[in-house]
Amino acid sequence: MGKEDEKESGRDKMKSFGSIRSIFMHADGVDWILMALGLIGAVGDGFITPVVVFIFNTLLNNLGTSSSNNKTFMQTISKNVVALLYVACGSWVICFLEGYCWTRTGERQAARMREKYLRAVLRQDVGYFDLHVTSTSDVITSISSDSLVIQDFLSEKLPNFLMNASAFVASYIVSFILMWRLTIVGFPFIILLLVPGLMYGRALVSISRKIHEQYNEAGSIAEQAISSVRTVYAFGSENKMIGKFSTALRGSVKLGLRQGLAKGITIGSNGVTHAIWAFLTWYGSRLVMNHGSKGGTVFVVISCITYGGVSLGQSLSNLKYFSEAFVAWERILEVIKRVPDIDSNKKEGQILERMKGEVEFNHVKFTYLSRPETTIFDDLCLKIPAGKTVALVGGSGSGKSTVISLLQRFYDPIAGEILIDGVSIDKLQVNWLRSQMGLVSQEPVLFATSITENILFGKEDASLDEVVEAAKASNAHTFISQFPLGYKTQVGERGVQMSGGQKQRIAIARAIIKSPKILLLDEATSALDSESERVVQESLDNASIGRTTIVIAHRLSTIRNADVICVIHNGQIVETGSHEELLKRIDGQYTSLVSLQQMENEESNVNINVSVTKDQVMSLSKDFKYSQHNSIGSTSSSIVTNVSDLIPNDNQPLVPSFTRLMVMNRPEWKHALYGCLSAALVGVLQPVSAYSAGSVISVFFLTSHDQIKEKTRIYVLLFVGLAIFSFLVNISQHYGFAYMGEYLTKRIREQMLSKILTFEVNWFDIDDNSSGAICSRLAKDANVVRSMVGDRMSLLVQTISAVIIACIIGLVIAWRLAIVMISVQPLIVVCFYTQRVLLKSLSEKASKAQDESSKLAAEAVSNIRTITAFSSQERIIKLLKKVQEGPRRESVHRSWLAGIVLGTSRSLITCTSALNFWYGGRLIADGKIVSKAFFEIFLIFVTTGRVIADAGTMTTDLARGLDAVGSVFAVLDRCTTIEPKNPDGYVAEKIKGQITFLNVDFAYPTRPDVVIFENFSIEIDEGKSTAIVGTSGSGKSTIIGLIERFYDPLKGTVKIDGRDIRSYHLRSLRKYISLVSQEPMLFAGTIRENIMYGGTSDKIDESEIIEAAKAANAHDFITSLSNGYDTNCGDKGVQLSGGQKQRIAIARAVLKNPSVLLLDEATSALDSKSERVVQDALERVMVGRTSIMIAHRLSTIQNCDMIVVLGKGKIVESGTHSSLLEKGPTGTYFSLAGIQRTLC
């Protein structure tokens, strides 16, 4: 109950966070100064127009009196022109402050916020991520889309709001000064303008939150698909993923339409300003007739009140951005403010002066928060003496890895305590505690950076010599040195550029470099080949000397030298003792496990006594090292020249095509039609209302009261009609464009993901195309396009319509004045266009930084356990700062440019008003136009100029939108080098499984200097089982990659059933091929859903799923879970143990009933008992199928029809298990078998 109460109180606190001040919590002293100056600029910007209108007051009254003569009239003109020019100069300074200060502080605060957010995410305990299965996509969204929303709010939307709000206030100040009676009467009408905006803001918060939840669900699906793209491709699950993605997006479309309707009602309600003008015109006429008020002053006051109302409407339209910023900020602040139960930032806690390393679990009870109904430990008691090696063995899912997690304080026990040197670990400083431990996990986690940087995660201040020594100790130095870039070689996202054994050795080096007091080895050698395992095991044995070591292993041969071996069963220690002591217990569980593994090894010997001397072992090791080095050195020159052909040029300039975007919107043409028509009619409203307002002024100077009453009645009815018309067309406009934007966004997201899932695997190997960066583009680009189509396009149509109508009316009324006024408008347009072009050129690096930040954040969350174990949070933050260094410098230039362009634009508007004012006065003085025509045209073009200026404020959004359009079509137009849906491809009704590699040359496109195969040939008979063995990194897994056609060879061909694999329809071919990878990739969903990914049809019976699970020895543990097959696997299967994940992956492969079965270390993560049963199941499944098995453990491949030993990128020898052993000590396979026997 306590935790629930805490959660509730936490929610209550969160409600108070969404205040305007909380958004500025990342501002420092400089930012507050910038915001203060920016506030002055924004408020001053709002005062400019009311001040200009105030200047008009004298002119209008002079124009309305018959006593005005040419001399006094021109003096008045000159006086006002000079005043306007002063205002123009002042407006440049004010608007420069507004543009520079807000842009600068927005980018500064956003960068600081991203850092604090990522720091807060990395601060959370592991249990937080267990409960948030979409945590990776959450972080990608917040670090990219949410931070961008807040940055836009600070840089542009907030100053716009302040400017409009101050314009509203300034207008009423001027009005009150000039005519307080009319102002007081008009003031209560503010309520009519406030209520719709406030209601819209409240509704939008709720809708925005729901839209984010829908997007987040869809983003999680996309992130899973992209990060596990090999699994998706192998099982032909592209359409399933796209279908789930599309379904998740449907809810957001409906919510988006509700949002558009709400916006239309709100903006339409602002048409009440026309009704207000109607009333004030009527009341003003009464003041003129009954109180002798001056007509010009009445008109100026009404204009100010109306302008103030329009400005208020503009500011209320910005409530959308306030709401979006608050919603985005709540999501970010929720994480920033969350203090985890196990806080790595907490500096309090005891630090032991001299740590011995004695570990004790005292009556520990534990369950995972994500599975509270499943008890892992009920009363665990375990004592590990200092400096001793203790091995934990037991069935998969028995809780072995949980011991390590508890010791590192990933979690805290529900009851009991864990002691180190007699001190409870919850009393020790968390970071110091973890710094005393070195962890090598079952599934090695590497970061998308260089090998050196990955090893330095273990010890930040280590020297290069220490890095090399650690690599040597883990047997990694040799293969690292063979790379052209050596230790600077990039490992790729999730270490994809390295083989499993290479990744594991780098991970071991990372653990060794910190010289820990306690060494934690969770299946540390499971991915290594026999020769590497022997050397690494010796290294680990040496590293264990003098320090407490906890070893988890399924292969009992690796733990026989442990001081103490503990057998865990059902969360209890059932047996304890040394290897020899436990073997004395004939009926003991450990004895049965050893017997089971010995049976496998004895069978592998087939009654042949294998005896290998240490010299032969070392000789073999040297031969393999030499052969690898030799093959690389001798073949690189002949192949490198061809690799570039396989690397597509994705650096083509992005060419946005708005026409193509509209073609994509073709299905919504009806909504587009009435949306555009409505927007055009909204545009007509502006010049028509301005024309009417200009005409009203002449009414106030009429001498006949009857005429004043009659004409006032006409204009009042006209304004009321405009109010009703505005309400209706705004609803139609915003709903129509919302419909267009939402469905276009959904279509873009679907098509982008669909297209991305056709790209060759190598595209995903490139650093810029990490899952984080791609998901960021999916979220950000589509959102920007929606904003451009839904909001900006409607404003563009509106503006064009207003300009056309204004020009027509102006030319009809007074063509001379109209031509001058029209000719100066392009200056404003050019100024804003310059802003767009220059800001676009400077925004590219900032956009790249966003992608880099998203990529880094996604990788950090995906590997949170490794980061937590090594206390590497600060290292990740340093990497984040590094990727933002360049964009931070560019932001300074962007800020200066924003200030200069905005200041110039605003001052130009005032200067053009001065010019129009002067020239119009000259025409009146010369008798070429009447004053009424001047008022009409002047107001039409002043208000139209404001419309153009408002449209100009969207140039940044348009620039960003066009960039996003270019980015979208860059993805949609990209031609993959391996087309999975080639319509001309051969669709086989059945595959026999005859596989041929003929003279194949291959090197990975991202590492063209490292040759894997040269002139490689192999024949794999249909229906037969073939095992591939060899040293780690020798190309075993590459064979599977080529068969799955993840890659194409540089030369030669890969054939299936005698047909070049490139001639097949790839997706149909993959239906007949099943893959079980070395590192099983599961998706967030239930166990049932994960197994069903192996189905080739949409309808799969429950009995088929259960049979597949039974074949993989998964059924029993699944049914033992409280939710059975409906148990949620968590993000990437985090809720399951390694063995459980592997068995589900095997069940998924079995369900496919393939013709070709590919097993890449399929049983490496299983304990002995499970491995035996699963191995039997696999052997049954392999019967009658072409099976290719990659294994380091030779006992698992002894029954294969053919065993192939790789070396030098060629086949060293091949044959059956017995025939290869008959070659004796001269045979490579014989030597490998001997090495494994010496390890047993």
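Think of each number as a place in line: the chain as shown, counted from 1.
Placed from the backbone N, Cα and C atoms, the Cβ positions cover glycine too.
For reference, Swiss-Prot has these:
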| type | residues | note |
| --- | --- | --- |
| BINDING | Gly394, Gly395, Ser396, Gly397, Ser398, Gly399, Lys400, Ser401 | ATP 1 binding site |
| DOMAIN | 35-324 | domain 'ABC transmembrane type-1 1' |
| CARBOHYD | Asn70 | N-linked glycosylation site |
| CARBOHYD | Asn542 | N-linked glycosylation site |
| CARBOHYD | Asn609 | N-linked glycosylation site |
| CARBOHYD | Asn642 | N-linked glycosylation site |
| CARBOHYD | Asn769 | N-linked glycosylation site |
| CARBOHYD | Asn1015 | N-linked glycosylation site |
| TRANSMEM | 36-56 | transmembrane segment |
| TRANSMEM | 81-101 | transmembrane segment |
| TRANSMEM | 158-180 | transmembrane segment |
| TRANSMEM | 184-206 | transmembrane segment |
| TRANSMEM | 264-284 | transmembrane segment |
| TRANSMEM | 296-316 | transmembrane segment |
| TRANSMEM | 681-701 | transmembrane segment |
| TRANSMEM | 714-734 | transmembrane segment |
| TRANSMEM | 793-815 | transmembrane segment |
| TRANSMEM | 817-839 | transmembrane segment |
| TRANSMEM | 896-919 | transmembrane segment |
| TRANSMEM | 923-943 | transmembrane segment |
Same chain, |i - j| six or more, Cβ under 8 Å of Lys400 (ATP 1 binding site); the result in sequence order is Leu392, Val393, Gly394, Asp522, Ile552, Ile568
Gly399 (ATP 1 binding site): tally of other CB atoms within 10 A of its CB:
22
Whose Cβ, among the binding-site residues Ser396, Ser398, Ser401, has more other Cβ atoms within 10 Å than any of the rest?
Ser396
Under 8 angstroms for C-beta pairs, at least 3 of them, ignoring pairs fewer than 6 apart in sequence. Is the transmembrane segment (264-284) in contact with the transmembrane segment (158-180) by that rule?
no
Who are the long-range neighbours of the transmembrane segment (81-101) in its own chain, taking Cβ under 8 Å and residues 6 or more past its ends?
34-35, 37-38, 40-42, 44-45, 48, 51-52, 55, 159, 163, 895-896, 898-908, 910-911, 913-914, 917-918
Which residues of the same chain, at least 6 past either end of the transmembrane segment (793-815), have a Cβ under 8 Å from a Cβ in it?
675-676, 679-684, 686-688, 690-691, 733-734, 737, 821-822, 825, 923, 928-929, 933-934, 936-937, 940-941, 944, 947-948, 950-951, 954
Determine which residues of the chain contact the transmembrane segment (923-943) at the Cβ level, with the cut-off under 8 Å and only residues 6 or more beyond its ends counted.
60, 63-64, 70, 73-74, 77, 303, 686-687, 689-691, 693-695, 697-698, 806, 809-810, 813-814, 816-818, 821-822, 825, 913, 916-917
Rank the binding-site residues Gly394, Gly395 by the number of other Cβ atoms within 10 Å of each Cβ and report the first-ranked residue.
Gly394
Using a 10 Å radius around its CB, how many other CB atoms surround Gly397 (ATP 1 binding site)?
21
In sequence order, what residues of the same chain, 6+ apart, have a Cβ less than 8 Å from the Cβ of Asn1015 (N-linked glycosylation site)?
Asn999, Val1000, Asp1001, Gly1052, Lys1210
For Ser401 (ATP 1 binding site), the three-state DSSP class is helix
Which whole-number value in Å describes the distance between the Cα atoms of Asn542 (N-linked glycosylation site) and Ser398 (ATP 1 binding site)?
28
Indicate the candidate from Asn542, Asn769 with the smallest number of other Cβ atoms within 10 Å of its Cβ, considering only these glycosylation sites.
Asn542
Provide, as an integer number of angstrom, the distance between the C-alpha atoms of Ser401 (ATP 1 binding site) and Asn769 (N-linked glycosylation site).
33
Rounded Cα separation (Å) that holds between Gly399 (ATP 1 binding site) and Asn769 (N-linked glycosylation site):
37
Tell me, by DSSP, whether Gly394 (ATP 1 binding site) is helix, strand or coil?
strand
